[in-house]
Amino acid sequence: MKIISVHEGVVPISSSIRNAWIDFSSMDCSIVAVVSDVMRDGEPVVGYGFNSNGRYSAGEILRRRIIPRLLDAEPESLLSEDGQLDPTRAWDFVMKNEKPGGHGERSVAVGVMDMALFDLASKIAEQPLYRWLSDRHGDGTPDEKVFVYAAGGYYAPGKTLRDLQDEMKRFLDQGYSVVKMKIGGTDLHQDLARIEAVIEVLDGDASRLAVDVNGRFDLATALEYGRAIEPYGLFWYEEVGDPLDYQLNATLSEHYRGPIATGENLFSLQDARNLIRYGGMRPDRDYIQVDPALSYGLTEYLRIQDMLKQHGWSSRRCIPHGGHQFSLHIAAALKLGGNESYPGEFQPTGGFADGAVVQDSYVGLTDTPGIGFESKAAFYKVLRELHT
Ligand SMILES: O=C([O-])CC(=O)C(=O)O
Ligand SMILES: [Mg+2]
């Protein structure tokens, strides 16, 4: 098996929504296609990848560093002993001459490439990624369905409390029982009114509502909001301070008794390990949200899972950020706690297979080989145009 060519492009995923830190008016996303010399039905088998959401396209790094290094690698050096493509072997090549630390846009570029290689490897094996992955890196018995919660509840121009409630009702109608909303983008008084409006839609059951600060608060505000929302008994209190301020998180966890979730802006094994070492995260209740697509791909995510195990953490405490098909497969294969979903945002890249049905906040996977982009018509059209 040889890589014939790699194609890279950009797709807009912009919208008028806003969280406590950014708006998404110019959000875009890198996409890649890795064309192999393996032929099926007269066409080459192609692996696809994209970079989740929340970080912009990383085309410059892909074009100048990651893609040339991948193409320079001897084809045999990417294969395992049994002659099959092993995406984890690409890592050392694409990271050649890269210093440690400073993880960010580079981890995004590598993540896109890594996703495409895992899509390709499982397609060549004619297996959906979650089975392929479970056989090689899991226990061979993947979960057949994955817990998903509906993320939304953004700030948007002119959005009223009623609009927020209607959005949450739509999520419930679509089969989700846990929902997430943004906070920290206005004052505490207004956020409490927003939270209570959503709790009303949940028939008073606040344990089905997560709130997300997107890293906005300093310690005093984190504690002030914590005191105000703790009595509700929320599903989780997310990314409360700067993602790298481990001390803030540790202090918060001494005061806030409910679950805390964070990690979507930690992009490496080392950053995730520092969170576990210094962030005060509690393995009996808290959640790790590292997004494999943003953080050097599944290759690095497997290392993060090993690290968590060494620290006594269950994989069930991981619910990745991103709401995409790649993490859905990873969640099923590695027996994570679930996966995010954005029923209303980040198209055409985000979300699951067309026609995927969510029931009681669980979604199943399909038998489509690879990640299953082919079962997501609007996105597949964009991906195919990259190389045809
Ligand atoms: O608003 C965003 O950037 C997305 C986010 O934090 C999440 O999905 O948890
Ligand atoms: Mg978040």
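Glycine too: its Cβ is placed from the backbone N, Cα and C atoms.
Every protein chain shown contributes to the tally, and the Cβ of K99 (substrate binding site) ends up with 7 other Cβ atoms within 10 Å. Secondary structure at K99 (substrate binding site), taken from DSSP and collapsed to helix, strand or coil, is coil. Positions annotated as substrate binding site by TrEMBL: N19, N53, K99, Y154, K180, E238, E264, H321.
Shown in sequence order, I13, M27, C29, G322, G323, Y342, E345, F346, T349, G350 are the residues of the chain, 6+ apart in sequence, with a C-beta less than 8 angstroms from the C-beta of N53 (substrate binding site). Among the features that TrEMBL reports, site 'Transition state stabilizer' is placed at N53 (among others).
For 161-259, the entry in TrEMBL reads domain 'Mandelate racemase/muconate lactonizing enzyme C-terminal'.
Marked as site 'Transition state stabilizer' by TrEMBL: K180 (among others). Classification of K180 (substrate binding site) by DSSP places it within a strand.
According to TrEMBL, the active site, acceptor annotation covers K182. Note on K182 (active site, acceptor): other Cβ atoms within 10 Å of its Cβ, all shown chains, come to 26.
Annotated Mg(2+) binding site per TrEMBL: D212, E238, E264, in sequence order. Of all the Cβ atoms in the protein chains shown, 26 others lie within 10 Å of the Cβ of D212 (Mg(2+) binding site).
Cβ-based neighbour count (10 Å, all protein chains) for H321 (substrate binding site) stands at 28. DSSP assigns H321 (substrate binding site) to coil in the three-state reduction, outside any helix or strand. Sequence annotations record features per position, and here TrEMBL assigns active site, proton donor/acceptor to H321.
Same-chain residues at least 6 positions away in sequence with a Cβ under 8 Å from that of E340 (site 'Transition state stabilizer') are, in sequence order, V148, Y149, A151, K180, Q289, I319, P320, H321, G322, G323, S327. Annotation comment: TrEMBL describes E340 (among others) as site 'Transition state stabilizer'.
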Segment confidence, the domain 'Mandelate racemase/muconate lactonizing enzyme C-terminal' (161-259), expressed as mean pLDDT:
98
Given the recorded positions N19, K99, K182, E238, E264, which lie within 10 A of D212 (Mg(2+) binding site) by CA-CA distance?
N19, K182, E238
Within 8 Å of the Cβ centroid of the Mg(2+) site residues D212, E238, E264, which other residues of the same chain have their Cβ?
K180, A210, V213, N214, E239, A261, T262, Q289, H321
Euclidean distance between Cα atoms of K182 (active site, acceptor) and N19 (substrate binding site), Å:
6
Which binding-site residues out of K99, Y154, K180, D212, H321 lie by ligand 1, going by a Cβ under 6 Å?
D212, H321
Taking the Cβ of E264 (substrate binding site) as centre, how many other Cβ atoms lie within 10 Å?
24
